[in-house]
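These notes concern the structure reproduced below.
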Amino acid sequence: MGDERPHYYGKHGTPQKYDPTFKGPIYNRGCTDVICCVFLLLAIVGYVAVGIIAWTHGDPRKVIYPTDSRGEFCGQKGTKNENKPYLFYFNIVKCASPLVLLEFQCPTPQVTCPHHSLFPLPTFHPFPPVNVGWDLCPERSVPTPPNPFLLPAQICVEKCPDRYLTYLNARSSRDFEYYKQFCVPGFKDNKGVAEVLRDGDCPAVLIPSKPLARRCFPAIHAHKGVLMVGNETTYEDGHGSRKNITDLVEGAKKANGVLEARQLAMRIFEDYTVSWYWIIIGLVIAMAMSLLFIILLRFLAGIMVWVMIIMVILVLGYGIFHCYMEYSRLRGEAGSDVSLVDLGFQTDFRVYLHLRQTWLAFMIILSILEVIIILLLIFLRKRILIAIALIKEASRAVGYVMCSLLYPLVTFFLLCLCIAYWASTAVFLSTSNEAVYKIFDDSSCSLTAKTCNPETFPSSNESRLCPNARCQFAFYGGESGYHRALLGLQIFNAFMFFWLANFVLALGQVTLAGAFASYYWALRKPDDLPAFPLFSAFGRALRYHTGSLAFGALILAIVQIIRVILEYLDQRLKAAENKFAKCLMTCLKCCFWCLEKFIKFLNRNAYIMIAIYGTNFCTSARNAFFLLMRNIIRVAVLDKVTDFLFLLGKLLIVGSVGILAFFFFTHRIRIVQDTAPPLNYYWVPILTVIVGSYLIAHGFFSVYGMCVDTLFLCFLEDLERNDGSAERPYFMSSTLKKLLNKTNKKAAES
């Protein structure tokens, strides 16, 4: 058999030479990239230290329990607010926002400067929670504290308001006792109306509200009075700023989205409570189908591939037919011709299924997908025949190393540990801010804006120097070095998550590659296959190549954290009108997305080389890249076609289980029509089953994908090392020899 070597070998490195002692993955190897291994261990120690510090300073109660304007928890046992579990906002315009659910305080107060308008202080956000300081008045060189009387107060209450009242009307009625429970603690009715509203002792208006995440939000649909404010009652705040009660409409509109989201979340939760066991059954069916598919590939690879292709075409064809039938059925029905744009967003998604435009859109999407797949099959029909041979060989390899199908469970478990540690550390870092108290005084006290301790302030020297001063809660933050470093710690937490997650994925790839390479380089299969190849490969990866895996994961983590920062900056620049900045940001995001994809591809092949030869990361990446470039035609013909076939396999499993779930949850299977649970949204369990089925199928097929990539690289190495003669026999099986003959014949014809 001829030595088919391309003329451009010199451009892309030197091909492997014949070595009679080479019998597969090298067992006599040494540690690689030790420095990266040390860096990873030090980083893990630092990560643990950050977690301990965060757990020491953090207080997750801030996530569960809201806090009032004094920094005290609502509804927590052992506190004076134990019987007041809900947080009530005085100013709905400032506080009625979906962001309040993510923040631990209402947006911060305002600062008053002489002869100037009100300057807003920065809003406090928990991710990351950074005290950015107090604003400076233009004519002062020292920070000016917030006026305590201008705080958009938030207090703990026993229950949310259930009626519409204004302070002016309630003051002269029997509802005043009810109204006073929503005033600041210790409120005494010894001031005029203007003074009470100016000092923020009581809210200007009460509106019917419902609790959401222990916070009172307007019940817009509960009472027409929420939006029908009627007369425009105004008052003076004592600083030249007129506040209009009709501004409540703006806050109510913001709260409307929150309430609709709450209603949607409650209905989805109800659907999960009545359908969770059927969802599990659907996922078990997906697992059984995936396993059956893998087993059938072991014996009937060629037939299964063609059956898979035909089934995918039929499933998509049925989807097109079903969409057309629904589109035709709705013809002439009242309201079915309303466009999606005119309808807008609706929380009840079943409304969209009564529109002809919805089914037309589904039909167009499925038709485009069907045409694309058919065209690819027409142009790749010869390549598919070649790829089937490679899949047959991969099926044999997986059959001899069956425990490899269970390894994704190990990867899943380790990834869950990484996610759990990252999430808990992020929560503790976000809640590690402390309640900061400042000295407030209306007079020209020199101590104003200084930090104080409310417990010791009454007997302190500051209290004697400024008799009218008060030590009051200002904000959540901190003035220590730890609190200033919170932003950096959050970034470090995210970076370490990416690094460790990529390391876990790299460990799985090297382990599977080592096991499948052992199969390929066994001259007499399966007699020469070593015992427990998967465990041996796992041990070699951890013992010798932790540093190399850490190196590859580190490069990928750096690119990913840069992408996260770019996404953050892009969100911040959305309101900007600078087109150049937007264009530059889009280009950067696109470039780093492409870079991440390339690094993932390079890392995957480098890990295969590491599993076989035991070289360091850079050497392995270079050799893998040059090997692929020397055989670029074969890479395009075989590797990507098998990826396409595996994608069709995933679509077949997901589509089959999804159609079964659709007919079941929509009560269209007569045999089990009464068994299906009643649902608010039948798409909730269907989407859950579809997503879960895809993840399960992806887990099984990822093993196959790694097997194909490993066998493919070994196949290319085998072609360079040997020539098929008796002195230099190929290690490939008879199936791959047929694949080689077909490839050479095709090359000769072209």
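Here the Cβ of each residue, glycine as well, is placed from N, Cα and C on the backbone.
Positions annotated as transmembrane segment by TrEMBL: 34-55 (among others).
Feature annotation from TrEMBL assigns transmembrane segment to 276-296 (among others).
The feature transmembrane segment is assigned by TrEMBL to 303-321 (among others).
Within the same chain, residues 309, 312-313, 316-317, 319-320, 323-324, 326-327, 330, 340, 353, 641, 644, 648 sit at least 6 positions outside the transmembrane segment (359-380) and bring their C-beta atoms closer than 8 Å to a C-beta of that stretch. The transmembrane segment feature in TrEMBL is assigned to 359-380 (among others).
If you look up TrEMBL, you'll see 400-423 (among others) marked as transmembrane segment. Residues 51, 291, 294, 493-494, 496-497, 500-501, 504-505, 507-508, 511-512, 515-516, 519, 525-526, 529, 533-534, 699-700, 702-703, 707 of the same chain, all 6+ positions outside the transmembrane segment (400-423), place their C-beta atoms under 8 angstroms from a C-beta of that stretch.
TrEMBL lists 496-523 (among others) with the feature transmembrane segment.
Same-chain residues lying 6 or more positions outside the transmembrane segment (544-566) and placing a CB less than 8 Å from one of its CB atoms are 29-40, 491, 494-495, 498-500, 502-503, 505-507, 510, 585, 588-589, 592-593, 595-596, 599-600, 603, 606-607, 610, 614, 616-618, 620-621. Taken from TrEMBL, the feature transmembrane segment covers 544-566 (among others).
The transmembrane segment annotation in TrEMBL covers 606-629 (among others).
Feature annotation from TrEMBL assigns transmembrane segment to 641-665 (among others). Counting residues 6+ beyond its ends, the transmembrane segment (641-665) has Cβ neighbours under 8 Å at 275, 278, 282, 285-286, 289-290, 293, 305, 308-309, 311-312, 315-316, 318-319, 373, 376, 380, 383-384, 386-387, 390-391, 672, 676-677, 679, 682, 685-686, 689-690, 693-694, 697-698, 701, 704-705, 708 in the same chain.
The transmembrane segment feature in TrEMBL is assigned to 681-701 (among others).
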Checklist outcome for this item: Sequence-distant contacts of the transmembrane segment (276-296), meaning Cβ under 8 Å and at least 6 residues beyond its ends, amount to 304, 308, 395, 398, 405, 649, 652-654, 656-657, 660-661, 664-665, 676-677, 685, 688-689, 692-693, 696-697, 699-701, 704
Checklist entry - Restricting to the same chain and to residues at least six past its boundaries, which positions have a Cβ under 8 Å from a Cβ of the transmembrane segment (34-55)? => result 421, 424-425, 428-429, 432, 482, 489, 492-493, 496, 499-500, 503, 546-548, 550-551, 554, 617
Item to check | Beyond the flanks of the transmembrane segment (303-321) by 6 or more, those residues with Cβ under 8 Å of it | outcome: 293, 296-297, 362-363, 366-367, 369-370, 373-374, 377, 384, 388, 391, 645, 648-649, 651-652, 655-656, 659
